[in-house]
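> Sharing a structure below in structure tokens format, with a few things to ask.
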Amino acid sequence: MRVVAAMSGGVDSAVAAALAVEAGHDVTGVHLALSPDRQQLRSGSRGCCSVEDSHDARRVADELGIPFYVWDLADRFREDVVEDFVAEYAAGRTPNPCLRCNEKIKFSAVLDRARALGFDAVVTGHHARLVDGELRRSVDAAKDQSYVLGVLTPQQLAHAVFPLGEMTKDRVRELAAERGYAVATKPDSHDICFIPDGDTRGFLTRRLGEQPGPVVDAATGATVGTHAGVHGFTVGQRRGLGVTAGDQRPRFVLGIEPVSRTVTIGTAEQAEVSEVVTAAPTWTGPVPELPFRGQVQVRAHGAAVPCEVTPADGGGLRITLGERQRGVAPGQSAVLYAPDALRGDRVLGQAAVSATA
Amino acid sequence: MTYLDHAATTPMLPVALAAMTEQLARVGNASSLHASGRQARRVAEQSREQLAAALGARPSEVLFTAGGTEGDNLAVKGLYWARRAADDRRRRIVTSPAEHHAVLDSVEWLEAHAGAQVTWLPVDPTGRVTPEALADALGDGSDVAVASVMWANNEIGAVSDVAALAAVAHAVGVPLHTDAVQAVGQLAVDFAASGVDALTLTGHKLGGPMGAGALLLRRDVECTPLLHGGGQERDVRSGTLDVAAIVGLAAAARAAVEDRVERTAQVAELRDRLVAGVLAEVPDAQLNGPALDDVVAGGPGRLPGNAHLSFPGAEGDALLMLLDARGIECSTGSACSAGVARPSHVLLATGADPARARSSLRMSLGHTSTDADVDAVLAVIAPVVERARRAGAR
């Protein structure tokens, strides 16, 4: 196949590109420039977006002897990912920008461009298995990234290649070291790539300004404090509430109401939910028949819990949780899995949380 | 492989390679007083004389540098600093937005850090600076430190009438620097006859090595050094002379100037066939820069090897990638340090809209170009543009 290898400059995408070359594909390396004002050197915990990262990617491409180009997708990224992120927080929801980037950038803008230019597929360094069109968890449970790929459609998956799903992250680093890549020991990136200092609240405050409102304790109905903006909060959050409850028990964010700018807090028990209602889902494969039993995961690094999925109004899903969960926020993606201990849990699809109970 | 990026760098001439290789095997610092040093000094000075003779300069006007970027920085900053030091009213720099970044960024640095004020010259739609525009910008010249206008544009090939520009500048007492990196070996470049005060050239654009160049600087022009140290080059430039590279540079310059008329006629013929062929294959493609047969001051108004075209609806970097995959190497003009393709600042300076600037491709021919290179492009350009347009419409 003629493939584009998306190369961030990290070890995963470097090894993915190398494995694609070694598998006999005709590979072209592409680094995505997602920010219009890129820093020269890497800073903080991001691992993809500086000029230094671009050079790291180019070094590997040159060693592989493959063409390498930088595609400027800064405008698309700003419109589809960053602005969406800000708008979601302003509306009191909690988005996952990595999911959004996979949906709108890597497997949409990049894939479309690659296909138009005559390529058959996009190769990435995601830790997930994709066999016969079925998307499954990586063998490395700790590094599994199937959650952020849960938004992909069968059409997108038909043109995606994930060479790393059958190996652990340690093995990826070994393969990089064997090939002499300097990125073999490059630290993992985490946090949100467009917020290099990791200060999401500060980033949102710079974008949205201070919008003070009340903090209301659901247990008493009393206003117990004020806050500088609902974008500083996410449902389930415990730290940084700036209030002390009279009963000395910890408080969690229960809900965010952006119009009245009210942040409601409550006890751990109140913060737990047993049911999730979603917007219309997307499916990675054939549309499953409802109702069905499976597992659901609501955060990139959360655990999956058993669930039953039934239809809800407006084409959405009602997901009844087998275990009560804390910190399920509107805007998050609920990714549905069919457990499979042998071949890896299969990703069925995802839907954005609209309400909880 | 079809190499059509001679304006980026052109293969070394065999005569330069041989001369340089021979010198590389020898020991000797040209500043040393012993026999090895004297030998190195002799070779370096022979090269200086050769280069001066090839370009109508005096040997003492040749300052060897590490290339075009250094020459441009030294001329722009050095003349600004020296002229400002002599008279503090001289704060203005007059230049055009179509210059190479070695000039643009030097000027902008002086503006940000050294109190310079910049007057941007208009360029005409072909990319050229006219003497009238320069005269307007200079005024009475009393507050101008330096003017800098390139001899020939690296992207769209526009040649300016440098002698006329120098006359205009001198009429109001302003020194003129010209970046002639693309001009030497392609056009008739005579330093004395041109009247300019400083002229930048580099080796690897004319068949010499990379990392070797020269600033031709009139003896009566004060220039503050960038690099301080041994003062090897007239106390204006310090650093141990890279004798081997200098030998290669001088040999290449001499050869390129010697066969210039004959070679550039052949290159221009190939270029004309390339442009005509591309326009036949892709009828809505647009030639950027001066007309192929344009004339300035009795010589070519466009660099003989330069073909710069826009393909509406296609992105330059997609075209480059698709041609690269088919063994054809060309350029989109400029990329930033991270490799992101940017719309050509030169085309934007000519008044072209950003879409046209982004859809452009530079193919530059040189001394190794052949009919087969032209044929290779013409065989694939139509389907490549067609495919790039599909990707552009995403």
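Placement of Cβ uses the backbone N, Cα and C atoms for every residue, glycine included.
Annotations in TrEMBL come from automatic prediction, not curation.
Feature list, courtesy of TrEMBL:
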- A:Cys101: active site, nucleophile (ACT_SITE)
- A:Cys193: active site, cysteine persulfide intermediate (ACT_SITE)
- A:Ala6, A:Met7, A:Ser8, A:Gly9, A:Gly10, A:Val11, A:Asp12, A:Ser13, A:Leu32, A:Gly125: ATP binding site (BINDING)
- A:202-266: domain 'tRNA-specific 2-thiouridylase MnmA-like central' (DOMAIN)
- A:277-351: domain 'tRNA-specific 2-thiouridylase MnmA-like C-terminal' (DOMAIN)
- A:His126: site 'Interaction with tRNA' (SITE)
- A:Gln332: site 'Interaction with tRNA' (SITE)
> Counting every protein chain present, what is the number of Cβ atoms, excluding its own, within 10 Å of the Cβ of the residue listed as 'active site, nucleophile'?
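For the residue listed as 'active site, nucleophile', the 10 Å Cβ neighbour count is 28.
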> Need the DSSP three-state call for A:Ala6 (ATP binding site) to compare against my parser.
strand
> By a simple count of other Cβ atoms within 10 Å, which of A:Ser8, A:Gln332, the recorded positions in the record, is least packed?
A:Ser8
> Rank aside, I only need the closest one: which of the recorded positions A:Cys101, A:His126, A:Gln332 has its C-alpha nearest to that of A:Ser8 (ATP binding site)?
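That would be A:His126, nearest by Cα distance.
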> At the Cα level, what's the spacing in Å between A:His126 (site 'Interaction with tRNA') and A:Asp12 (ATP binding site), rounded?
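With the alpha carbons as reference points, the distance is 7 Å.
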> What are the DSSP helix, strand and coil residue counts for the domain 'tRNA-specific 2-thiouridylase MnmA-like C-terminal' (A:277-351)?
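Final tally across the stretch: 3 helix, 39 strand, 33 coil.
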> Can you tell me which of the recorded positions A:Cys101, A:Cys193, A:Gln332 is spatially closest to A:Gly10 (ATP binding site)? Compare CA atoms only.
A:Cys193
> Roughly how many Å separate the Cα of A:Gln332 (site 'Interaction with tRNA') from that of A:Leu32 (ATP binding site), to the nearest whole number?
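Cα of A:Gln332 (site 'Interaction with tRNA') to Cα of A:Leu32 (ATP binding site) measures 25 Å after rounding.
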> Taking DSSP as the reference, which of helix, strand or coil describes A:Asp12 (ATP binding site)?
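Reduced to three states, the DSSP call for A:Asp12 (ATP binding site) is helix.
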> How many whole Å apart are the CA atoms of A:Asp12 (ATP binding site) and A:Cys101 (active site, nucleophile)?
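That separation, Cα to Cα, works out to 17 Å.
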> Tally of helix, strand and coil residues over the domain 'tRNA-specific 2-thiouridylase MnmA-like central' (A:202-266) according to DSSP?
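Its residues divide into 10 helix, 21 strand, 34 coil.
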> Give the mean pLDDT for the domain 'tRNA-specific 2-thiouridylase MnmA-like C-terminal' (A:277-351) on the 0 to 100 scale.
95
> Look at the recorded positions A:Leu32, A:His126, A:Cys193 and tell me which residue has the greatest number of other C-beta atoms within 10 angstroms of its C-beta.
A:His126
